[in-house]
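Q: Got a structure here, written out as structure tokens. Questions coming.
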Amino acid sequence: MYQSKEERVHHVFEKIYKHYDRMNSVISFRRHLKWREDTMKRMNVQKGKKALDVCCGTADWTIALAEAVGPSGEVYGLDFSKNMLQVGEQKVKERQLANVKLIHGNAMNIPFPDNTFDYVTIGFGLRNVPDYMTVLKEMYRVVKPGGKVVCLETSQPTLIGFRQLYYFYFRFIMPLFGKLFAKSYEEYSWLQESARDFPGRDELAQMFRDAGFVDIEVKSYTFGVAAMHLGHKR
């Protein structure tokens with residue numbers, strides 16, 4: 001039976017939620033933590049501000065934002081997988097973060113008014129949405145003038161030799177890790193497909209410009225396997 005991209009992605013994350021955090025560490029060799037840490041430094045998040053984490057998943061970046069804005073700030077996490085949000089809710093509860101609210105919703109139609117947030121982030125989620133540009137424009141819409149929108153995502157390595165190794169790893173090794181650690185071979189096969197088909201850093205930077213962002217900053221990580229794109233709204 002035919003499944004749309006959105007339906008397939010929803011099925012994937014509703015199934016792998018229990019193993020998602022562990023598998024992130026396995027797949028990236030824990031580098032994703034360093035990538036996010038560096039991205040947060042570049043964002044220079046200020047106390048008392050308001051942030052939205054789109055495709056928040058199990059809320060790791062949401063929590064990092066909440067700690068950065070402090071008790072006087074507000075952070076919202078948005079995701080379409082209720083199972084992923086349940087894991088996130090437990091983390092928020094354990095940390096007693098009163099300034100965090102997790103919302104079940106769709107990145108293609110963000111349920112907030114225009115010009116609401118100082119920061120809007122999306123971490124390893126943009127490649128899974130049905131239409132990249134629609135989501136970038138939605139993020140642009142809800143960020144305030146002067147605010148920042150940040151995407152941390154897999155990218156396309158350009159280093160000869162390493163690029164071929166990267167594709168081999170994602171195509172053959174990562175699904176095996178999924179089967180071994182999460183009993184989810186098919187689901188992790190999908191994740192490698194989404195990473196393979198995602199735009200490279202220069203193409204995504206142009207998409208940021210097309211969505212209306214200015215003063216775009218791009219930073220590649222670990223030979224280009226991931227990249228941060230940061231755009232400002234005038």
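For all residues, glycine too, the Cβ spot is worked out from N, Cα and C.
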Q: Same S-adenosyl-L-methionine site as ASP79, ASN106, ALA107 according to Swiss-Prot: which of THR58, THR116?
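A: Swiss-Prot names THR58 for this S-adenosyl-L-methionine site.
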Q: With the cut-off set at 10 Å between Cβ atoms, which of these binding-site residues ends up with the most neighbours? Options: THR58, ASN106.
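A: When each Cβ's neighbours within 10 Å are tallied, THR58 leads.
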Q: List, in sequence order, the same-chain residues at least six positions removed whose CB sits under 8 Å from that of ALA107 (S-adenosyl-L-methionine binding site)?
A: VAL54, CYS55, LEU78, PHE80, ILE122, GLY125, VAL129, VAL135, GLU138
Q: So what sits near ASP79 (S-adenosyl-L-methionine binding site) in its own chain, CB-to-CB under 8 Å and at least six residues off in sequence?
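A: Set apart from ASP79 (S-adenosyl-L-methionine binding site) by at least 6 residues yet with Cβ under 8 Å, we have CYS55, CYS56, GLY57, LEU85, GLY88, LEU102, ILE103, HIS104, GLY105.
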